[in-house]
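One structure is given below, encoded as structure tokens.
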Amino acid sequence: MRLKIGFILRSLLVVGSFLGLVVLWSSLSSRPDDQSPLSRMREDRDVNNPLPNRGGNGLAPGDDRFKPVVPWPHVEGVEVDLESIRRKNKAKNEQERHAGGDSQRDVMQRQYLTFKPQTFTYRDPVLRPGVLGNFEPKEPEPHGVVGGPGEKAKPLVLGPEYKQAVQASIKEFGFNMVASDMISLDRSVNDLRQEECKYWHYDENLLTSSVVIVFHNEGWSTLMRTVHSVIKRTPRKYLAEIVLIDDFSNKEHLKEKLDEYIKLWNGLVKVFRNERREGLIQARSIGAQKAKLGQVLIYLDAHCEVAVNWYAPLVAPISKDRTICTVPIIDVISGNTYEIIPQGGGDEDGYARGAWDWSMLWKRVPLTSREKRLRKTKTEPYRSPAMAGGLFAIEKDFFFELGLYDPGLQIWGGENFEISYKIWQCGGKLLFVPCSRVGHIYRLEGWQGNPPPLYVGSSPTLKNYVRVVEVWWDEYKDYFYASRPESKALPYGDISELKKFREDHNCKSFKWFMEEIAYDITAHYPLPPRNVEWGEIRGLETAYCIDSMGKTNGGFVELGPCHRMGGNQLFRINEANQLMQYDQCLTKGPDGSKVMITHCNLNEFKEWQYFKSLHRFTHITSGKCLDRSEVLHQVFISTCDSSKMTQKWEMNNIHSV
């Protein structure tokens, strides 16, 4: 009996010692609660971006977050050496991992974007019908000048005595600056939002913003009204700064006068001047570098007016997810009267998605039922494949991680598509925001324009398009070249770094983008058929070519001296028997004779055949031939006559330079 009691006591001592050592080891081991900030950040990242098949314990091979800091103890009386087994199993696991190549976690980690994780906490907006939103003004917006011209965005119509001055201002600036100068810089505007927008409540923990405005030889009042509207309608706690980038202007009112004027805001508004004309695209990248204070970059054109409560709806999605880029609904400010109206088109609520045709012309298409189903209310943000490019908001660090704009893009054109594709294909989102509205003035006919500087060379916009499709469109680029055949041999510079960016960030294919995001583009703009011939259409053995003269949507084409520069004299005839220029088709006019040019899709105006050996264009539906009058410079169809030289044509390829 004494032996049994002794045995029991010794056994209890051994077991007690073992349990004590286990408790001691546990207290010395690394625990989740004791992680360093770096380890906690890594765990947060893994929670937000879970990886599949980590194994039974949920840990990846090589993950040392729960690695013991002391070896397993050897307990007297327990014959199993736990530490040796642990070392043996670890070596076996390491051997199996290396023998089998990279673990699934290693592979998956390489597929993750290298963008910073979300560190900002923000609650979703809440819709409370009937309860005025917390960012809504409590009182009606005050007028800039009570009873003044243009208040509440009502049209200002000038009399005939101003005609000459108005025309001169339109030629110089693109707008009726005579009327603009009569309107208060602080004028009140109309509210074009859906009524529901007034009842959204936003977490006040919004990110702050730097508003970046690029200008070149802008009119004074349109530029300053842009600045005034931002200051007037943006809560001061969120407006970190307004950064003006002067892209080498030579107007006197944009020099010392501007420097003195912005002192009114005690440093809130800053101006930086480029030492040469950089163009809108690169000037915006410069603006991102000059902006130091805001967490978000908001880009506005130099002739805008932000509307009531524009800020919170625009920045809230970015505050929730830093990889979201937002775009306000863009309203139209008349360049003549300064009335503000909604854009035409879109769905029954006026909402549209950004799109393009295959020649890369900007388009707007109605919001789809698929996108509507993703929202609970019609005033929530919705996905868009592309943006127009002039007005958008993006988290500053995210924009830098994307590489800003392609540094090879020059002056203007294509940058809106480049940033849109980059965002979507590399893991971000592009949202249009119905409750954030900004008015924008569009240039009027008669503006002399701002020609690019000499160092840029010819065809900068077309070169931009080529760079974009070569980097982002993959096999779809063939459809661009079918629509813009003159660009096929256009030199577009080095894109190796851009290709490397796509590879390093594991950006998705354009096919994925077309199927998942831009799925409705081909319904509106079907993939173009191959071209049979393309180039100038020259009268055989003459110096005259068919010229659209810039006319569209029903204008008559004419004969003009051949200039070999493409543009209005560049046509293509495709396998669908369409004779086209960009998104316009040639067809017979209402009189059944003269040839006009009008917008078409791929199911319309399939009515031409080109017989190269006969130098003849035949109008299929009428059986007549393409003819011309070199005296009247008219182009028409007439009864085919093989002896008539005016019915003989040749198509000569033209390459842009």
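Cβ coordinates come from backbone N, Cα and C, glycine included.
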As recorded in Swiss-Prot, which of Cys600, Cys640 forms the disulphide with Cys625: Cys640
Field: Cys435, Cys507 - which one Swiss-Prot pairs with Cys426 by disulfide
entry: Cys507
Field: Same-site residue for substrate (record: Swiss-Prot; known: Asp247, Trp412, Arg443; options: Arg276, Arg277, Arg375)
entry: Arg277
Field: Mn(2+) binding, same site as Asp301, His303 - Swiss-Prot member from His143, His201, His216, His440
entry: His440
- request: According to Swiss-Prot, Cys585 takes part in a disulfide bond; indicate which of Cys562, Cys600 is its partner.
  value: Cys600
- request: Using the record from Swiss-Prot, pick out the residue from Cys325, Cys435, Cys545 that is joined to Cys197 by a disulfide.
  value: Cys435
- request: Among all chains shown, work out which of the binding-site residues Arg277, Arg443 has the most CB atoms within 10 A of its CB.
  value: Arg277
- prompt: Near the Cβ of Asp301 (Mn(2+) binding site), how many other Cβ atoms are there if near means within 10 Å?
  reply: 22
- line: Whole-number Å distance separating the Cα atoms of Cys197 (disulfide bond) and His303 (Mn(2+) binding site) is 25
Query: Tell me, by DSSP, whether Cys197 (disulfide bond) is helix, strand or coil?
result: helix
- line: Lowest 10 Å Cβ neighbour count of the disulfide-bonded residues Cys435, Cys625, Cys640 is held by Cys640
Other CB atoms within 10 A, centred on Cys426 (disulfide bond): 22
- prompt: Within 10 Å of the Cβ of Asp247 (substrate binding site), how many other Cβ atoms are there?
  reply: 25
Secondary structure content, the region 'Catalytic subdomain A' (206-317) (per DSSP, counts of residues): 45 helix, 28 strand, 39 coil
